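Scroll down for the structure; my scribbles are underneath it.
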């Protein structure tokens with residue numbers, strides 16, 4: 001069984017990907033520093049404890065920070081990894097504007113150290129979590145992989161763009177490297193069991209966890225940031241993708257690495273954009289609850305509309321998002337209902 005290192009594997013996308021790795025017969029080794037994960041029994045992240053329960057397989061986990069070089073060295077000596085899936089990093093757009101150095105230190109330095117240690121141990125296969133934020137303000141829609149990158153509107157997006165460039169340069173300099181850069185659009189939803197899902201710490205930065213917390217009664221009302229965008233109903237349009245589809249994209253990416261693919265970049269999205277108000281409606285339908293909202297000022301750095309052309313991933317990875325909006329909302333609602341306080345308190 002192939003050993004794959006998953007950094008940041010206890011988080012939202014990471015934990016769903018670890019589950020898919022197990023289902024696909026890989027042997028994942030997970031590191032995480034609990035920045036975005038809840039500690040369960042035996043110092044195991046609660047998300048991964050539940051992944052073990054769902055799959056009946058055990059997950060090897062070590063608490064570790066990607067900035068801790070000595071610990072990473074030790075890990076790579078102990079295991080012989082075939083590939084690395086790199087999720088670890090800071091990810092809140094708004095916070096990145098306030099704390100740019102934190103974002104550059106963790107995301108850039110952390111990745112550089114990881115790449116150096118991979119190189120030293122001859123592990124030259126990488127899947128990287130990038131983001132549609134690398135496109136900046138869309139010059140045209142839908143966004144394909146040829147759309148210019150780098151006009152990012154915040155340090156989070158810039159950090160993802162810089163890392164993409166770094167990996168690209170590395171693959172150019174040494175053709176033994178293979179990397180797949182996955183540009184995520186907006187992952188939502190949860191595993192169909194309702195046992196794992198997104199559990200933001202504090203006030204959610206993303207729309208759907210906030211909406212579902214309003215539906216369950218944890219929050220009063222949703223703030224809609226601007227209704228004067230040049231979109232059909234004036235609210236921001238995004239490409240929402242089911243987290244399970246997204247996780248499966250990482251399995252397809254690992255297979256691609258085996259073809260000695262060099263550096264490849266793919267959008268992971270559905271190709272369909274939905275507005276904030278359409279998402280509120282869809283969530284009202286799934287939950288049977290009314291979701292009160294109020295319109296407030298636009299948020300700095302937000303673009304009017306952003307959605308993918310996902311056809312390259314379909315052609316080259318054989319991957320397509322299969323789960324639609326209703327399913328995303330139903331699964332999100334099941335998770336929220338079964339875990340009203342997330343992983344922290346057992347429902």
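Positions of Cβ are set from backbone N, Cα and C atoms, glycine also.
As annotated by Swiss-Prot, active site, proton acceptor applies to 156. Under 8 Å, Cβ to Cβ, and six or more positions away along its own chain, residue 156 (active site, proton acceptor) finds 90, 91, 92, 93, 95, 96, 103, 107, 131, 133. According to DSSP, residue 156 (active site, proton acceptor) sits within a helical segment.
Non-local neighbourhood of residue 11 (NAD(+) binding site): 32, 36, 37, 47, 87, each in the same chain, at least six residues away, with C-beta under 8 Å from its C-beta. The NAD(+) binding site annotation in Swiss-Prot covers 11, 12, 13, 32, 33, 34, 35, 36, 65, 66, 87, 91, 160, 184 and rests on similarity to another entry.
Swiss-Prot lists 131-133, 184-186, 205-207, 223-225, 238, 299-302 with the feature substrate binding site, giving similarity to another entry as the kind of evidence. Neighbour count (other Cβ atoms within 10 Å of the Cβ, all protein chains): 14 for residue 205 (substrate binding site).
When secondary structure is read from DSSP and collapsed to three states, residue 65 (NAD(+) binding site) falls in the coil class. One residue stands out among the binding-site residues 87, 184 for having the most other Cβ atoms within 10 Å of its Cβ: 87. Rounded to a whole number, the C-alpha distance linking residue 223 (substrate binding site) with residue 160 (NAD(+) binding site) is 27 angstrom.
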